[in-house]
Amino acid sequence: MLQSLAGSSCVRLGEQHRSAWCFALLVLGYLLYLVFGAVVFSSVELPYEDLLRQELGKLKQRFLEEHACLSEQQLEQFLMRVLEASNYGVSVLSNASGNWNWDFTSSLFFASTVLSTTGYGHTVPLSDGGKAFCIIYSVIGIPFTLLFLTAVVQRIIVYVTRRPVLYFHIRWGFSKQVVAIIHAMVLGFITVSFFFLIPAAIFSVLEDDWNFLESFYFCFISLSTIGLGDYVPGEGYNQKFRELYKIGITCYLLMGLIAMLVVLETFCELHELKKFRKLFYVKKDKEEDQVHIMEHDQLSFSSISDQAASMKDDQKANEPFVNSQSPTSNDSSLNN
């Protein structure tokens with residue numbers, strides 16, 4: 001008896017705090033995922049970093065041996081200055097001296113990466129005025145971009161997602177949930193094909209040093225707004241039609257970002273995902289003041305109606321010319 005009561009109380013307690021337990025598991029799972037990523041990245045990339053450090057050390061030592069007139073301190077000062085300029089997108093190499101980072105098309109590309117929060121980091125403002133303007137431009141432009149993307153996606157998803165699903169549901173009688181799942185999968189496949197696979201093949205042809213995997217990696221890093229900046233198109237030596245190429249990349253990033261948001265919104269509207277998300281949310285309960293307001297409104301309306309009814313009765317009772325006789329008695333009196 002006691003065991004059954006204890007078990008039922010535990011079950012009741014678990015049901016009452018279900019969202020809290022699910023949220024705790026979500027936080028724990030996210031932390032474990034972070035640790036898992038750190039372990040994998042460290043185990044995969046650390047050997048390559050060690051080999052690169054050893055290679056650079058050998059090259060530096062060989063250079064100093066071949067140029068005895070140059071001290072190690074002078075060489076390091078020169079390299080520090082070169083690396084600092086490289087972080088600002090300026091290279092001392094002869095094959096990169098022809099590309100300007102702040103012509104109109106490059107500036108347009110930079111503005112698009114700032115407003116979309118991609119931020120490759122290969123080109124950054126050099127002057128104090130440019131840095132100050134970048135702050136003001138971003139503070140205004142990023143919310144403006146979010147508003148623009150939200151409005152565009154809201155209109156596109158009506159014609160791309162909701163109407164097709166409703167058409168197959170009403171016209172052909174298919175289950176709405178099944179149609180929504182199939183539609184989301186088809187839309188995701190089309191988006192991956194037209195904004196990842198095909199552009200990756202194009203970038204692997206246009207960029208001399210990129211293979212297909214590196215091109216696909218750039219597409220994913222860009223459209224997911226991660227923007228690591230290790231691969232940036234249009235920065236190669238003697239890039240043909242560089243201005244037009246930069247404008248095309250800017251348009252591709254903008255349209256790809258809209259397509260990604262449409263796909264994400266389509267998946268978020270699935271009934272199964274809505275139920276799954278609700279496991280981690282706090283249930284919305286009516287606040288006490290709202291309940292009090294409703295009760296007060298009900299009491300006030302009922303009291304007003306009661307008062308109105310009583311006032312009508314009093315008026316009828318107090319009217320001096322009200323005849324309490326029935327219509328039949330009135331007719332008989334008139335006949336007489």
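Just so you know, glycine gets a Cβ as well, placed from its N, Cα and C.
Unlike curated entries, TrEMBL annotations are predicted automatically.
Per TrEMBL, the features are as follows:
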| type | residues | note |
| --- | --- | --- |
| TRANSMEM | 21-44 | transmembrane segment |
| DOMAIN | 94-156 | domain 'Potassium channel' |
| CARBOHYD | ASN95 | N-linked glycosylation site |
| TRANSMEM | 135-157 | transmembrane segment |
| TRANSMEM | 178-203 | transmembrane segment |
| DOMAIN | 193-268 | domain 'Potassium channel' |
| TRANSMEM | 215-232 | transmembrane segment |
| TRANSMEM | 244-264 | transmembrane segment |
| REGION | 306-336 | region 'Disordered' |
| COMPBIAS | 321-336 | compositional bias 'Polar residues' |
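Broken down by DSSP into helix, strand and coil, the domain 'Potassium channel' (94-156) contains 44 helix, 0 strand, 19 coil.
Counting residues per DSSP class in helix, strand and coil order gives 53 helix, 0 strand, 23 coil for the domain 'Potassium channel' (193-268). When Cβ-Cβ distances below 8 Å are used as the criterion, the transmembrane segment (215-232) is approached by residues 113, 116-122, 195-197, 199-204, 207, 253, 256-257, 259-260 of the same chain, each at least six residues removed from its ends. Within the model, the domain 'Potassium channel' (193-268) carries an average pLDDT of 90.
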